[in-house]
Amino acid sequence: MAPMGIRLSPLGVAVFCLLGLGVLYHLYSGFMAGRFSLFGLGGELGAGAAGPVAAADGSSVDLREMLAVSVLAAMRGGDEVRRVRESNVLHEKSKGKTREGADDKMTSGDVLSNRKMFYLLKTAFPNVQINTEEHVDATDQEVISWDRKIPEEILKEITTPKEVPAESVTVWIDPLDATQEYTEDLRQYVTTMVCVAVNGKPVLGVIHKPFSKYTAWAMVDGGSNVKARTSYNEKTPRIIVSRSHSGMVKQVALQTFGNQTTIIPAGGAGYKVLALLDVPDSSQEKADLYIHVTYIKKWDICAGNAILKALGGHMTTLNGEEISYTGSDGIEGGLLASIRMNHQALVRKLPDLEKTGHK
């Protein structure tokens, strides 16, 4: 018998126990939900926090944002290139000799453009690998902010973010392509370039011409602001080559394609890639193929490779191998670039050039 003569019915005891369990469950679930929200595993707070956490720890980057910053960096660098050239005070010096024995020149335009481009990209994306042609002096470090605005022309072409792991990204900067021509005041050949490679494959390319202020950009499987021309001459092509060894290419090209083949000597790898495209710039020459037969650095060609790839074109070594944009900063096997042509058939036509490229 219960105290004071109160009798407890079995039903009452059961109800009392169920109520107690309900209170305990409510308290426990509220506690766990609070803990989960801290890790972004549930609830509105967690969902909202997930984006900033990913950005803060640098675990991923948005390629659309990287394209926007790359375009801005190329233009900012171009401003420095143009300003120094127009001042006519280049502070020209030699970094040494190229493999062909020519002076590897550097100017204030190279240095100042490099500083602007490198630190803009490094500030916006501190956790990605950035390779650049010029030395980055820590004493000249700048914090150059990005307002996080993506231009409308990019948003129109690339409508959704494209995130990739930051550790898979390598950025290649050429702060002043065609330095030799820059010192000779051959301004039409000069470009600034940025390329983003993911797992060694070029996916973003920006080529900016500082003196005409024309900028070409493209994302593989994304979009572009430049396009291929409507037609190309595959039988007797116009071939654009380096000014420093045009004769070497001309001999083999004439043997391969015949005497009607035109050789166009030009400066700058960026300029040569644009020659294959539909570029609204009166100073830009037109070509059907781009051939290079000696050692070349990856920051010279990565942006052009990405743009061609985005438009359905190709850039390979002379023996048809894809170029990886990781590891060493140069390639030995020369290169062949084409668009809207049978690229592998062209590779087979040029067996002797690959050998020449290793001399």
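A Cβ is built for glycine as well, from the same backbone N, Cα and C atoms used for every other residue.
Fair warning: this is a prediction, and the values are worked out from it, not measured in the lab.
What TrEMBL says about this one:
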TRANSMEM  6-28  transmembrane segment
REGION    86-106  region 'Disordered'
BINDING   GLU133, ASP174, LEU176, ASP177, ASP300  Mg(2+) binding site
Lowest local Cβ density among ASP174, ASP300, which the record lists as binding-site residues, within 10 Å: ASP300
Any further residue of that chain within 8 Å (Cβ to the Cβ centroid of GLU133, ASP174, LEU176, ASP177, ASP300) of the recorded Mg(2+) site: ILE173, PRO175, ALA178, THR179, THR191, THR192, MET193, GLY268, ALA269, GLY270, LYS297, TRP299
